[in-house]
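J.: The following block contains the structure, expressed as structure tokens.
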């Protein structure tokens, strides 16, 4: 690659001229003489000239300056930037400035000069974060420029500032994740720039100042690389993310170092690499965590959301105080003085919770305290001391209130003490009152937080801590009122529900239980002094439900609020074809209003008054349009421009439907809006709208035979489509019949006169008088016969003649008065002609190649014959959905579209690693072990689309179907790939943007003649080439939009293409594309093919270049396909400081490619997404949202609606799709409005590119903590005062996982990511900085959702283990036997289980959203079908996945990226694979709960009452069964007997296979078992301690059971429990003896092993006989002992795993491993038993297949089963 700068004297760089033929990206900026369409725009030339206007600034002294150089070259020479970085940013800057100048309204007077306002706005936006940073640190900004000055020197300086920042950013590599670090670099380099510009004299050398950097790539090597190497060293110390977060600094830590002034003192400039900032080895000098320490603990939830927990616990305490008085209503209890005084204890609880908060802050953040941050340490200590002091003050004051005041009367002294307490309490709550006041006045709070005054800094230091981000997060007053009302309603409902249905019913039973005496314990009770433990256990599930049920109420109210907002947005108003027909006549007006730009006066300036009037007019127009008050098509004529524009757009949409094979050729003709031809006088509506209308008109004419013309015509015209059908049919018949006759023939003259007579009679309104209406049905039948003949491939002219003769005879006999025939010229002049056939020699059919004529005949045939209402057109459900959504969106509120020239430019960025690009022939044909190939799967799932595809192939020349594997192989691979989750599908979808922009650009500037000719040419292109642009981005429709017929054609040549190139770029970040090319990977060839097909597609990748032994250089490379050279060309190559992947892979991949994106916005698209042409038409409307204020801010992220397109694949995919759809529509809608807390959850969102460019990028990348990288972009946006909105008039397709294992891996990834979010600084800061109600919204829609799901499962555990305690201890028997009050008490407690059932309401959002968009009945039907397909089993199972991985991540870590795979799940997953995936997360937990249920049922007297027991445990048993059976219910062939047998054999082989060092978990149980313990290796001491505490519950089961064995003889001595351990030790000893003898004798001397087995059996039988004879031992005790032994053994085993570091080197560890293997065999058998039974039972396999897959595939799959067995 030629370098532009070569070695020189001082700077090491000598400029050389850039080669003129150097490849370019979008604009050939380096070669202005190139004939390129973009260079014809004056705005491009103006931006380029501004850069080249170097003026009289000082030239580099040690480099030769050339006239062709510009300001960026000047910066590059002085500051040693890379050549390709300069080229990249030059085009970047020119393109942005040119686009910005194009958008100026009104346009500047001199378009050839860059307008000052364009550059000023850009500079302010780009450097806003830098100026805020300077203000925060109290540093003077180094942007020395006056906003009021407009001199050329100031413009030059502004360009230099902007160029300098972009060059720094473009070369900063991984430092782009550290925006304040870049600000620090820019600050010092801008200072040096200012000294150069001001000819500053260096005081040390006495010469003109020179920058501190010199040498080739000095900026990269001396500025970026030292910081990069520090980041790299920290990442290496993280041990691939397994080290605790406290042990290393992540991106945020390093960036937040620049939030304090010490960075100036320590780092200096030039950067001092000896600073302790760069020291990663010495612990004494090493700078630790900065700003925040991520400690792994559930206490983070309390720390981050302390206000929430304070509210919940204080209300709980208050409710208990009030309910304890046992009055009917709370206000009755509050009338009691003692009750009111007890309320003062709330302040003690409040202060205690603050003390806990202060302790947690100090305990978790103490490592932040260093010499430089002593203030932080002082604050921590003061917080603890002050909060402790408040506890003492409140406790002492409260105790003094009750001194000497135990009676009912209150003394004056007591009253004075109460008043004193209240005065102290007022002082305590004064800050909260201040916060409340600031909440009411949000702008005041924002001012306080954003200002840098010292007094406010002090307040912030004490209450929140000083932070650069998180200031001024308050919303406007209106938004504040909306979300406050929402939460007031939610909390009021929760308070009433909790008090009356949770807390109040528990008071009476609790009092009775506390007063219960004489409890006969059935074991050795350790806490027998009182029943407080029992009461605590009874209250525990109630309290857990109380803490989490806000989630349920939030979900319920969100559903209804979201539905209300959706109604106001007019969602779901057009749901089907029938509703589409009603609105279709308004389509042209709707498209013109929304998608076509308004014509604006050149010099019109917008004022507040004009904006207001415009908004009012828009609202009126939209209202009238929506309800059909004006803009009817009746007012539009077929020749109007608007009609032609609408036809072009509509037909292009339908043509693309045909390209995608979601409609057939016949449906294409029915749906298209044909161009006016055959002199038809009305708009030619699509046939599906006109169907049946002509027949209805005929029936009306038949009924009104003697009615006057006016009356009949009035009846027909009531329906617009009927009117048009009648007129079009008549005009078409007239043209057709004259066209098939020889013009010179007498018959032609006869028909001409006949039609003239008809026209004249209609005009004179005498048609019904002159003509007999009774003949119309006969004429209609004969016309149908004639058209049928003409539409046949082989046309019989004789039949045509006969039919014409019949028509003439009917007209002669029944239609017209015979006497007038000869007078009017309607009969032959020669009577002899009547002897033969009249039309025998006159018929002359058009040539069969005249497709235009016969296409119109087919249309006439449809109008004449269609009798049904065509509700099933189009037949494909996806086509219907897309048409309905697009048509509905046109009547929703959206900004007006600007012209393409004036729209915001944007890019799309897709990260790609090594996924499928295009399915290969082998992948399509290869069958899996179940006999299913991908192609067979797709053919059955998409049966209609396959038929359409084959029809298209035959039309394109395919003769035999076998040719699909030869000549049409590429088409076949594309067809299949476009139905999978492949890169080619994503690229095709995203390139619809480019295709849409080309059409819109043509329509924007084309004349009326251009549009008519374009439509005509487009139709001819489709006729000639068919709609075969399936694999081509430059489709016929795109190529056809030319202006060759216009007199201005030469002027406009290339105009549209140049505009579109400047407005849209698609960059795919193919991370390893270079490696793929080197290795000849087929994916590389397919990526090259995609670039070849799509002009606007660019590929960015990281190139590794070996420079020596074990040394590599890394480059960010951008390539494209050059259409002229017909090869791939390299555009830019920017050197990186090292390996680019330091953090999480996906955000790092996005980051390296981000420098190659262009435009004001960037849309982030994942590899599993798709797009639609009709939605791409609305993109410029969406980008206009950036100009609209939403609240007090303009948007920085535009949220876009998603459509989950994988819902039709299987029932699982449908469940996942329904759940995801409600989240990405209704959920996001409510989050954006009214809650104002929407983040960034996925990848169709559109980012304000320059806003994020200077604030850390579009994601975060720190290892592990940012594993859910997407949402951290939303966190960062909110913390930096961005605004995230949501828009539902546009949608993007998205796929979801379709198999249970894929879904579980995805859920595990998300749950693990949320577990890491709990620890993150972003969540902590949002929890503290947001106002109270937005904080609630944030909690319950992010980490709180996962935490509350876990609380729900813990409630089940607490309830069951609590019940087990009651029954095994004997308390339950005593309580039930005592009296009926105690029975009532227990009944009230049992009813608390009902609360858990409220979890069903979490399905409410899905039902409400479906009701809104598809109708209530359809929503209920879908919901019912989902229940029949066992969706509750799936959702319950998914809940277990989330709980397991969320809890494990918070406690122990272990979150990681889990590749879910994007393929189709049509193969059977083995039992061993399912066991590996679900054993720890589901199976063992389900077995535990099932065991607890079994023990409880065997001992409780409640089980005797069947109904009571079922009501008590049904939900828990359902959870157990769901967790055990879901992996097999949703597994293809899950209940096939042969596969079940084979699976068990494979499972046992896997269990016993020991493997070697390199064995994988899939091969060896032992390897898998060790991997399952990885979280215990990385967890801290607290995590291990908590794990041990949780494992102790298994010993309790043994403790309770042994006292109920018959051998215990009802003894309650502690010796019974101690003696039970003898049984355990004996069992363990026997196991060890058997293990040792097996290893020693089983192979060679097996007779000894057999003898030992015999002796042990004899000994065991003898022992049982002795126990039966001499003790109370019974056979039941054997099973009871097993129930006690198995949980105890598992508990010992679990604790041994925690102590693995100490045990692994001893002989004990081998026994632990052997015991663990036996337990996994036992668990596997327990899980396998119900599976084997269901597999053995006939019919279950067929039922399961129909449940799992849709009907079409089920039939095919069931046919394959016998073949598979064979």
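Glycine too: its Cβ is placed from the backbone N, Cα and C atoms.
Annotation source TrEMBL lists region 'Disordered' at 1-23, 1022-1043. The annotation domain '1,3-beta-glucan synthase component FKS1-like' is assigned in TrEMBL to 156-272. Residues annotated as transmembrane segment in TrEMBL: 308-324, 344-360, 380-399, 420-441, 483-502, 523-546, 1338-1360, 1507-1530, 1614-1634, 1654-1676, 1715-1736. What TrEMBL records for 1029-1043 is compositional bias 'Low complexity'.
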J.: Quick one: do the transmembrane segment (483-502) and the transmembrane segment (308-324) have at least 3 Cβ pairs under 8 Å, skipping pairs fewer than 6 apart in sequence?
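T.: In contact, yes.
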J.: With a Cβ cut-off under 8 Å, give me the same-chain residues at least six positions beyond the ends of the transmembrane segment (344-360) that come close to it.
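T.: Residues 299, 302-303, 306, 309-310, 313-314, 317-318, 321, 380, 383-384, 386-388, 390-391, 394-395, 398, 401, 418, 421-422, 425, 428.
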J.: How do the residues of the domain '1,3-beta-glucan synthase component FKS1-like' (156-272) split into helix, strand and coil according to DSSP?
T.: 77 helix, 2 strand, 38 coil
J.: For the transmembrane segment (1614-1634), could you work out the same-chain residues 6 or more beyond its ends whose Cβ comes under 8 Å from its Cβ atoms?
T.: 523-524, 1598-1599, 1602-1603, 1608, 1652-1653, 1656, 1681, 1684-1685, 1688-1689, 1711, 1714-1715
J.: Check the transmembrane segment (523-546) against each of 308-324, 1338-1360, 1654-1676 and return whichever range has the most CB pairs under 8 Å.
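T.: Per the Cβ count, the answer is 1338-1360.
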J.: Would you mind listing the long-range same-chain contacts of the transmembrane segment (1715-1736), meaning Cβ under 8 Å and 6+ residues beyond its ends?
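T.: Apart from its flanks, the transmembrane segment (1715-1736) reaches 1471, 1475, 1479, 1483-1484, 1487, 1524-1525, 1528, 1534-1537, 1539-1540, 1544, 1547-1548, 1551-1552, 1565-1566, 1569, 1631, 1686, 1689-1690, 1693.
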J.: By a Cβ-Cβ criterion of under 8 Å, what residues six or more beyond either terminus of the transmembrane segment (308-324) are in contact with it?
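T.: Answer is 302, 330, 333-334, 339, 342-343, 345-346, 349-350, 353-354, 495, 498-499, 503-504, 506-507, 543, 546-547, 550, 1335-1336, 1339.
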J.: For the transmembrane segment (380-399), give me same-chain residues lying six or more residues beyond its boundaries with a C-beta closer than 8 angstroms to one of its C-beta atoms, as numbers and ranges.
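T.: Same-chain contacts beyond the flanks: 344-345, 347-348, 351-352, 354-355, 357-359, 361-362, 365-366, 369, 417, 420-421, 424-425, 428.
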J.: Go through the chain and flag residues at least 6 beyond the ends of the transmembrane segment (1338-1360) whose CB is under 8 A from any CB in it; none is fine as an answer.
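T.: Here the qualifying positions are 301, 305, 308, 537, 540-541, 544-545, 547-548, 550-551, 554, 1227, 1231, 1235, 1237, 1239, 1271, 1311, 1314-1315, 1317-1318, 1323, 1326-1327, 1330, 1392-1393, 1396, 1399, 1439-1440, 1442-1443, 1446-1447, 1489, 1492-1493, 1496, 1515-1516, 1519.
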